[in-house]
């Protein structure tokens, strides 16, 4: 018995000792306030892993957040704004037809691998993308190239879009000329996209060696895009390590950067996939900042002394109506009745963070082309009832899909927003049949296939051109909306063909007025996504396009 | 013994074949596909159709299944549609984290559960028994995610004693050898990395251990109570055998038989069920990857993972049987 007890005692004592040592060590680490060591490392948490270190292969924000610190495009957006400014090109211009774009390039710029940046490097990149083959032609891989420049030198899929890119010529060392076949509303905005950021020509040659590694029946990303070492841009940071097991990408200051050098030596992006987890990690001092802050946490964090700047709105939430799914929606009075029945001010007040805005059209007011002359549909339940009666739809029954298990920058609490709209519609006498669906892929598939009479979706803009919003939905027939209205389609496509920027903006305004008169759906709101930083951080200028430049970050 | 091992391994073949057929039928009936998951709001009908063609998802299910079988024979599980990397590489990258977490949780559960269950049985009705029984009831009842958030809120955010997420501290440049962070530090002599990995393991492992600990306590207690009343125990005691020998050789050894079975099954469930714990602690294991794979309809990963887990279960059962024969000589004889 004594022996047993003494053994037990020894085991318990050892366990307690280990516990105390662990606790002590952990506490010491905690006291430093920086669990990664000295304050030369800034740790920022995102919600997902990047998909690739080559931005040309990506279409998601988590990838671009990382690559944006290492790669630069010909054009960029002003810090904290949406206006196009010079990036790797100091100046740019186009011919009157909008088909020849000339870029005067920045001098004395070098890539992370020591290669020199010049016009030949620009053309090497554009030609590299244009000549992609095999799996690179899948829209899952080269989404943005296809969205901006159409297809490829040799389209392998007959359904692929027709190529708009024609050529790139290095007129001299610092002048690159890019020709396209037809004028496009996506230009010059598209030249600012991360997916079209410029890589070192030496790295591109390495990429090409791996181009054939994709398998026929699956999309296999090449090795260079999955581990640090090959990719090389011109940005203030270079990517030095991607530890996938620890969900961490490490970037190190590039001392040869042409502009203002990064203030913090190391920049680490970590993935914490839950909102709660990111907030707790900030509060525990494990990270220095994070994105996709829940609106519900903003007040708490601010109260605790954290910095929670909100970005200017550059997104839109709308109530979509699929006319082919419910024939009643083909009647203009019914669509108008739904718009009048919705108390959208209440949604903005109760569901969006501070700075949320009521939407009057299918683009936020920060986009050039927003019009103050559109038809407005302010909350009026009685009017909604009258319109339904006039349409012979007093007992309208409509299926309403909403997504579960998701928050989007434009839609912080889908279910709550749905409940508010449902209650409003029911007050107007409309019977709502709720249909909750898991966001991905069920909800996305259902809305895209036109299977939801009413649904909520939205969009965050890529660059400041109206077509990036209204062109996405109303340039042609789309199952999601299920209508064919030549006037609406013509207004949008005609606007996109205007080469002169002022005329194009005026045309977008007209297009917005046409769309809101027709009312294919109801624009609801624009939400300012919040981003959080530690108490000891001098944060970067926050960008409505979520294009923060972390080279601006420093510690107090 | 060898025959048992070979027989069990051969049983794997029809098990996996049957499972793969069921999986393909199930996946084929799920709504949605990977294309819209890849493109999100940007997916157009044409894009979805093109991606489905590229992935071969427009083919009949038996054609897809045939292609899958052909690949499996070549030891190729396919490519993840989420990451564009071979499924096997994704497992190799993430599975060590889950194994490390599960083993740590099971060690905690066994190390604490068996003595606690035994002592509770020996002091039946006493305060230790009441505490162990009610504590294990709480352990089973409290949802894992709630416990995880609670522990994290108190010990990581509130007291700052442990890290709130991840497997290693940011910036700790540990050398990877096996993928097991604790082991790698020992192998490379980077003991700070081992220590760091252990500190990161504490909260998730304690969280994950809650249910198996409760099960083991209750099973050990019940089993000991049953064995204590057996004739052979009374005989051993009346023979004048030392109490320690009676406890260890006659009571504990026999009482552990059902517990070993439970430990085996619980280990299998930990390997496949660490999803919530991994998500809350952003642990980077296979559980959280599977969760995102379901959202993304990443069929190759789902098929590969479920078959892999089935294989693990069969192997664990085999190990349990082998352990039985070590504990109980009667099994060896038969």
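Including glycine, each Cβ sits where the backbone N, Cα and C put it.
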Transmembrane segment range according to TrEMBL, out of B:80-100, B:101-121, B:164-184:
B:101-121
Same chain, outside the transmembrane segment (B:197-217) by at least 6, Cβ under 8 Å from its Cβ: which residues?
100-102, 104-106, 108-110, 112-114, 116-117, 120, 132-133, 135-140, 142, 144, 147-148, 151-152, 155-156, 162-163, 166-169, 174, 181-182, 185, 259, 262-263, 266, 270, 274, 277-278, 280-281, 283
Would you kindly check B:101-121, B:133-162, B:255-281, B:301-324 and say which stretch has the most C-beta pairs under 8 angstroms to the transmembrane segment (B:9-27)?
B:301-324
Quick check for me: are there 3+ Cβ pairs below 8 Å between the transmembrane segment (B:101-121) and the transmembrane segment (B:255-281), leaving out pairs under 6 residues apart?
yes
Could you give the residue numbers and ranges of same-chain residues that sit at least 6 residues beyond the transmembrane segment (B:301-324) on either side and whose C-beta is under 8 angstroms from one of its C-beta atoms?
1, 4-5, 8-9, 11-12, 15-16, 19-20, 23-24, 27, 68, 77-78, 80-82, 87-88, 90-91, 257, 260-261, 263-265, 267-268, 271-272, 286, 289-290, 293-294, 331
